[in-house]
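S.K.: The following block contains the structure, expressed as structure tokens.
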């Protein structure tokens, strides 16, 4: 039997949550690393700021100054924690990595803060991870049985333990040993006393790119983190590839057999920033193409096209350009409530929506509108948006969703609710339309989605992307699913 | 000789700054008040949240519970300070007023926090004020000479002193005595132990509206603060009008001669929220009309129209719709840096811009673009935006400003830099174009601005709006100008 | 009618309490000031630290640097707030005054923080005050009727208003005008842009001494604040005297008729620090003499004398030396709960006592003990101490109180409970003994107290000290008593 | 090579210091545990408050509620961190353990916070430890070589790893395996999901007692922690004994061969609270006996005996009673600077002394005094105390130290300076007298110390106490000494 420790958070105290059963074992995150720069930690802070949309709960940076590793890990936004000169000054050194984590349910608990650090016999190792391992619980049980002491519930810690227990002499070999034992999705940046390391899982599910600025290499989850500092995009890290950056330059190692990449399609639909280029495709371009496909598949006569800001804007522009129906900012977003403001309970969420969006009555009144949103998860937000449009005088509300129906949970780092809470998993189209209160409702089709990605069609035998949330076609084994059960194994806040 | 007291701020301590010479005597603000509602302070908090764009430095609420006034005044955003149940629970009572203030340069000093409160012989009086008095320094000197003790540098405090010293028996009469002694721009909400009071200066420079929800009246700077709680817009408070809301209902008193209203035109151009209706006109509608006028006045051949988000979006849409040039989100805004992030120094501001906006290269590369921004103040932001567009591969950059050149400072509650720092006050059009680095530059004309407002032309004898920032035609006396000098009398951060 | 404003405290915000009816209008405090020292504010911080026993709620310092006054006022202990170099560095200047306030009921509210500051027409004036005015409410009502705005409930603020409204041209004259209008007990230090001022009320009820260090003068509530920095005691400020310290040296002004001094006898019994010399008499010496008188008046056969630490120690030593009964530390005090730990409710206070004192069983078991405490207020602490002694095995417990029975409240700056809560005001000696559970109980007599002070007898016509808590013989008018009623006019925490 | 991670502390963040070379690897601490009480964590908080003198840097509590462990670990005093109801309410369960740590040099870093927790294959285990292991570094290196990841530099963590790696099935057996591998001094309380465990090292160097309240057992470092809640002292835990408290009652296991106990004599001299009974002897009684022995060994003609408060008080009383020289409180301690106020540098320490003690001039002036202090470490404090006595007018100052000269550092949990900083290790008696500036100086002899302990003489073959600081006779192996070197292996702040 394994007991659990709950460490309660408090102002000016540390707090860890060892709750194995918690609903936040999985998270979407962002990572960044740089090697050889005199202001390494300042660069990492800027990179993390550009990746802030990937995680608002907490941020952390570890640097190495030639003899000592320095670490700062804090709750809240990068700008709040890492904008003062003192903090950056403490993070000495010419190499550093950083991490941002997803927002939790409002608590101040520092769960599984990253980057994690361990002293191995071969030297220090700091690791930051975006993704989710699907056999971490199994490995963790074995480790505990074998006398390991685990300090977090993070699947990332498993990587440290596996590297620590490897019998290989060199730290890179130990790291590869660890990667070969794990299953799931991961984009990792790691720092040793000599090297900056990047690694992407065998299918390349989560993104990771290589950049360069004045001859120094850096790694980032998205290209927007290169743009903020004016760095040059070099290339995507490949699936199953490790890159090792050191004073000797850059080295590439394959730790997994070469198979076609199968990146997560949800990065394009919702998660990545529109100005990022993910796996060679502009996110903004894909979203506009989705809008055009959606217009072709589900045209409607209307006066204006209105996006649900901000993630619905590009698809709405594509819809408008394809149909010629004028694009109008019919919903105004309050800038002082960001994505951060995700609330734990359904009831608080209702208040949240009213605080976040408001109808631009002057643009809407008396109009028949096409409302475009990026995705539909539980549907509770959509209900309120449609109602708000009607209260502002909309004559008709036609809802268009810029993705296919979500019918399966994610296990690779995106929090999704349990299956029974996914509206599309339990309702047919007409039932969803009624629930939402729209005059019409349409989703993008799977073929339409692949067309928007520039593919002729989905390759059923070997899909070009992992689209498991829409198809249930999971690309990796799900070892822990039998240990933890689906409820504990997957859940997340609505993607609004 | 008058000495000065500097109270230094610190965590968990009070701190007032009595610096008469400070550069932040003037601020843009937002006010809200409600009478007769069982959850008065919660409603005020929501109203202030909707008005957050009018001031991010600090927020305050004063309520009256039938026997005692309660007050909470805090630095930071409304959502951070007034979202917890405990705070709202302490603000007991069925009547409450609130205030948001503009962001300062990053300090934690609570300057002149509002609402202010005083006990008069006729009872308690709390006052919150948006605007700026142009004879407050003069009155203040007289008050000190006469034995008054002033606790803040706020011009608002002058109103309290004048009301306290009035020999009239009733509190409303005292309040009118005070208003008749002051000069400048003001939209005021005040609370006594019996009444909620609203007042707007004799020209109606700053906005103030009356709303109603379930039979209870409320006052707000903008209609968006009514919308957030689903309240009904009743009417604008008139220039020179006091409304008194009590258990007996609503009463209107004129305290100044009836003259044509002359509201500040800058509310439409930049300050008010696009979904607000100010003095009967949709802000979004005005901005789109400005974009269309700008397109007619300064057309250009280009591939795409790109707004500087977010305030340039409506004008860019108007420009796009008038010209048929496609609208594209060519600049992406980082949501985690709001308007709040205004930095004190020019050099930090340069960093700020890079943290706030990024180029959407996929949409821009190789394109000839029309860049639309709401206004041009110092021009430093514009320089960086144009450079960013070119670095992202724009073939041509045509800059269009959705307002006339700003050549005079404001003295009515909008921080503006000293005149010599206003780019348009010291450069001609071609010099500005060169400075900014655009291929072409054009501003909206004054006649175009009035056309966008729905007027045939500006009435030079009696202008329909106060447009002093563009014309130098100040609508009121500027008594303190001779005391303080223009430098101290007017300055503010760039309106980006 | 006068309304009231309650400002609720919160982390990192200011908070004032305007509650006129509150039970904390009166407080015991300490003051310190220095003129002409290059590290004036550091010296004041050390002086306040030595006076910390006079008030633990909050501390404040105001300095003047030749052109600007600087102010820091904070909740908590001097060592917590004023030990860092940054804070002291901000308090620039060669002249400074400071203030410590009594502990409140655990809240973080900054009530009536001192020193207070006002700009008069004749220049700035900062004031810190120990004592209590007995006509402040009356004056305050007149001021409000005359249009003054008051920001605190502090009686000290009344002094500022009176000085501001004086028609005299010089600031010292204005200050004297103010003093001549007020009634009660006060030791004041004040700071102008030229002078450090000290004043003591016409009877010299509260203490104030003049010290000197390297030719610079300073003022302090007690001599222990001179000792901490190695300063020389010069003399007591006289009753009805103002001293004015400036670059020109030191000047003495009498603002009240010369009458015999009548200082508060309670400073010797409980309040002052034992190493202080108050009005020429060693506090430690007086307390030991009290113990000897008590031994003569109320001898008893016992094995050991045990003080209630720490205030009972000198009297217990005197008792032991007079009787020859060995002195033993039979009660150990937990140093981590100081006087600070005064709790608001009777029930919490019971817990407090157990956390503060513990029996030294090895010294007590089987012994007949004489327990010596400084005073008896409500008696609740005594009950618990006696019970603790018996539980530790004491054979007999003889309680000896080193002061006469307290039967009247104080109105001069010492919080005392309402009369009905004073045990001696409602119980006779035998009833008190039973309530406390002692084998015998005795108080010092009034004649004994005067003998311990070195007097032959109390001069009933013109008492040498004010002993109103024991006799009800109040030395000044009590104007506000009829306004506020005795309940609101006097109350304080038990002197334990 | 082993790298090091420095985690920097900050408000509202976690922070660990992995600095192996730090000067704070060793600390004096206090522990407390209770089993089967409905308010277990509240009882632990009170117990820790009574043990606060054993550590003021940080405090922590872990409770078990039948299914989950709860943890709170915070910097600062118990009363500050664990006095609010919310914190205690979160620490649910009927079993809990707690820990207080020594004060550090003023930083806010949470070093090696305790209790530590680990999930073993056999269940959860929380451990709190007072003492110091003398082979922890050696074990730690082996663990890292074998793939263990260590999260703190705490020697306590070594115990967790050893228990985790034990192959024994039951958690108690694993715990015993761990204890049998370690060397040094320890009093441990541990908590599993079924049991409260107490253990004392094979020589019983650090104290640990068993108490009982209403049938529930508890463990504490000192009896004063039983007294605060009115619990009954049952017995000392024996050297080499484990006690296991569960629903089945209490069980005793010996994990080490029976040898005579050899407790640390320094607990009596300085560290334990005077009202505690340690290993059957009253600390107060021992200290008084020491004073009497000292009087016999080093009598002097003088007017008064003055203790250095507070730790010198009992010995001064013994000296006074033995000699008949009157005892006087000639030095007054400022209660607002406790032992907490230990400063990092010698220079700050000089300021500290002046802030902590002041001369009671009235008692001292013109007198020949015997000054009694508990011990002499570096001597810097003594220099200042003697000087302060002379400045207050003492005619003669005879210094008497209530312990033998300290000539060796401690390695068992008491911070001592490096040997070269111990005054007695580098100066002979006359040189010390001169350095301190006293008229005469005398220490207690080793035989005198043993007589005061009630022994006829020190048993050189098998000393009744470990007195290594005076004799260099270390009772255990010092394995790490060769790894770390003596500098890093032992140091601490002066015991004042």
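Backbone N, Cα and C atoms are what each Cβ position is placed from, and that goes for glycine too.
TrEMBL annotations: computationally assigned, not manually curated.
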S.K.: In TrEMBL, the Mg(2+) site includes B:373, B:374. Which of B:311, B:440, B:445 does it also list there?
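M.R.: It is B:311, as the record lists it for that site.
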S.K.: CB neighbours of residue B:373 (Mg(2+) binding site) within 10 A?
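M.R.: I count 24 other Cβ atoms within 10 Å of it.
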S.K.: Which residues, same chain and not among B:311, B:373, B:374, have a CB within 8 angstroms of the centroid of the CB atoms at the recorded Mg(2+) site?
M.R.: B:269, B:270, B:307, B:308, B:312, B:315, B:372, B:375, B:402
S.K.: Quick one: what's DSSP say for residue B:311 (Mg(2+) binding site), helix, strand or coil?
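M.R.: Residue B:311 (Mg(2+) binding site) sits in coil per DSSP, no helix or strand.
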S.K.: State the mean pLDDT for the domain 'Glutamine amidotransferase type-2' (B:29-248).
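M.R.: It averages 90.
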S.K.: Which residues of the same chain, at least 6 positions away in sequence, have a Cβ lying under 8 Å from the Cβ of residue B:29 (active site, nucleophile)?
M.R.: B:54, B:55, B:99, B:100, B:101, B:102, B:114, B:128, B:129, B:130, B:131, B:221, B:413
S.K.: Output, ordered by sequence, the same-chain residues six or more apart from residue B:311 (Mg(2+) binding site) with a CB under 8 Å from its CB, or 'none'.
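M.R.: Counting only residues 6 or more apart in sequence, the Cβ neighbours of residue B:311 (Mg(2+) binding site) under 8 Å are B:270, B:373, B:374.
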S.K.: Using a 10 Å cut-off, grab the number of neighbouring Cβ atoms around the Cβ of residue B:374 (Mg(2+) binding site), all chains included.
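M.R.: Other Cβ atoms within 10 Å of residue B:374 (Mg(2+) binding site): 25.
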